[in-house]
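**Q** When I checked TrEMBL for this same protein, it listed these features:
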{"type": "ACT_SITE", "residues": "A:Asp167", "note": "active site, proton acceptor"}
{"type": "BINDING", "residues": "A:Gln42, A:Glu117, A:Asp148, A:Gly149, A:Pro174", "note": "S-methyl-5'-thioadenosine binding site"}
{"type": "BINDING", "residues": "A:Asp97, A:Asp167, A:Ser168, A:Ser169, A:Asp170", "note": "spermidine binding site"}
{"type": "DOMAIN", "residues": "A:13-247", "note": "domain 'PABS'"}
There are 2 protein chains.
Amino acid sequence: MKTEECLQRIGDDLWFTEIDRNNLKIDYRIKEVVYRENSPLQEIIVLDSYDFGRMLVLDDAVQTTSGDGYIYNEMISHVPLNIHPSPKNVLIIGGGDCGVAREVSKYSNVERIDMVEIDEMVVRTSLKYLPEVSGGKPDPRVNFIFQDGTCYVKENRDYLYDVIIIDSSDPVGPAVKLFELDFYKDVYDNLCKDGLMVCQSESPIFYTEIFTKIYKNLSSLFPIVKPYMATVPTYPGGFWTFTIGSKKYSDVNPGKFDKETKYVNREIIESCFALPNFVKEELGIIN
Amino acid sequence: MKTEECLQRIGDDLWFTEIDRNNLKIDYRIKEVVYRENSPLQEIIVLDSYDFGRMLVLDDAVQTTSGDGYIYNEMISHVPLNIHPSPKNVLIIGGGDCGVAREVSKYSNVERIDMVEIDEMVVRTSLKYLPEVSGGKPDPRVNFIFQDGTCYVKENRDYLYDVIIIDSSDPVGPAVKLFELDFYKDVYDNLCKDGLMVCQSESPIFYTEIFTKIYKNLSSLFPIVKPYMATVPTYPGGFWTFTIGSKKYSDVNPGKFDKETKYVNREIIESCFALPNFVKEELGIIN
């Protein structure tokens, strides 16, 4: 749908309506439209909302907010980085809001952070208008590559990575190919022989088909596949999943979790792999 | 606000809008209004929604749905019943949708289930129109007492309970007193010397003040206070908390979890006590 219909003035108030699905809408009361521009790929809007602070909206879908973006970004970053015992080279695919790069930068043992994002304007916008998410200034180790992530992993012969983090938007628009088996095969080939990947794997309630397809695809490639969960208030239903595909490591590293975070701690990293029965059933995991 | 404004026809579609907070609204597309009546205490509506099936709405607030009601009802019931080693007498305060009574009935060792609900019409409506939540027909052990829960625990001299489950609506309208210290004191006095209670303790994001007040109040009475979390899609933000106040027991019983459930299993019961850093900070718990 057109953004014009999503931003509406009702009386004195400005409201942004997100239509995630045909049958459920979420309306946010907005203080102001901070930024609005079309990139070659999508419409980018930054809104200042009453409940969640600044929000990054791409083609009418809320991607991250100052208020709760840390939950998603911490969960997709710290969980894999605490399963690999010594991650040195990290690849981020997508992650235009720079929140994942910010979390990965908290690991002093990580030497190289390659971030392949298809839309440079999302990065520029986030660094400028969403400092609570992006951190404002990237760590010197972050190497931005503005390219289609699927092409990058197909063509890359220079580096093998210890950890690859796939921080994609939903499988509509530019991100569709990031949910295909061919892409995951290339990701597999870009990993060291003991490497692991993680991707955001959507809602197990509203996008059951996508969630289960990711699990199936990764299971056809990796010996170890582990979905995990977090609650992200601004994503439909709150319930969100991530899925790890790993060549070797499956357990959380021992020792204290010593990073400064708002959501993640050692108990959270250990407990996030507990899956409700209905999720196990979707995946065909027997209790 | 008036329900007339909450139910609106837009084009061919009927929408129900829940205004949880001034700055956030959730709109559900509705197939039909199944039931609508005023009890002496509140307006009761049952709607059939596209995404969550039938929904129980009290004074314009969604209380439970066929689609996700089991998450809340299983979490508030099975967690305390797996911390107390041998619950025989259980008191439910509130719980008009009968979902908690249904979960408690799964325990064959429970002999007595007293359910004190202020609004008999909510019970009748749920048994008739929300069988996916209520089970349709209550277990013979369930003893309905239609009375104000605060009066019941103040006056009761007949029974001491092993477990008391406080399944209240939000602290507006009839449920306000169920969040006060005086009430918790009476609950304490209605528990056996090794008894424990649990209450729904709201969202740590949207109702921080209520959540932390409950923790503080229970901490002034019980030696053991343990908040835990679940994701409930139809509650604002998805993030929801429950808080246990216990006189003696704090650990999950050993052994297999053998109840038929859609959400809860042993891993969930063990992992739900992991609290994100921001929640620990709200409660003043040091990492």
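Residue 1 is the first one shown; counting continues down the chain.
Cβ coordinates come from backbone N, Cα and C, glycine included.
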**Q** Out of A:Asp97, A:Asp167, A:Ser168, A:Ser169, which of these recorded positions is nearest A:Gln42 (S-methyl-5'-thioadenosine binding site) by C-alpha distance?
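**A** When the Cα distances are compared, A:Ser169 comes out closest.
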**Q** Which state, by DSSP, holds A:Gly149 (S-methyl-5'-thioadenosine binding site): helix, strand or coil?
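**A** The residue in question, A:Gly149 (S-methyl-5'-thioadenosine binding site), is helix (DSSP, three-state).
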**Q** Where the distance is taken from Cα to Cα, which of the binding-site residues A:Asp97, A:Ser169, A:Asp170 turns out closest to A:Gly149 (S-methyl-5'-thioadenosine binding site)?
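**A** Comparing Cα positions, the candidate nearest A:Gly149 (S-methyl-5'-thioadenosine binding site) turns out to be A:Ser169.
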**Q** Can you tell me the CA-to-CA distance separating A:Ser168 (spermidine binding site) and A:Glu117 (S-methyl-5'-thioadenosine binding site), as a whole number of Å?
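**A** About 9 Å separate the Cα atoms of these two residues.
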**Q** Quick one: average pLDDT across the domain 'PABS' (A:13-247), no decimals.
**A** 95
**Q** What other residues of this chain sit with their CB within 8 A of the center of the CB atoms of A:Gln42, A:Glu117, A:Asp148, A:Gly149, A:Pro174, the recorded S-methyl-5'-thioadenosine site?
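**A** Here the non-site neighbours turn out to be A:Leu41, A:Gly94, A:Gly96, A:Ile118, A:Asp119, A:Ala175.
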**Q** Between A:Asp170 (spermidine binding site) and A:Glu117 (S-methyl-5'-thioadenosine binding site), how far is it from one CA atom to the other, in Å?
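**A** About 15 Å separate the Cα atoms of these two residues.
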**Q** Neighbourhood of the spermidine site (A:Asp97, A:Asp167, A:Ser168, A:Ser169, A:Asp170): other residues with Cβ within 8 Å of the Cβ centroid, in order?
**A** A:Gln63, A:Gly94, A:Gly95, A:Gly96, A:Ala175, A:Gln200
**Q** Which site among A:Glu117, A:Asp148, A:Asp167, A:Asp170 has the most other CB atoms no more than 10 Å from its CB, taking these as recorded positions?
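**A** That would be A:Asp167, with the highest Cβ count within 10 Å.
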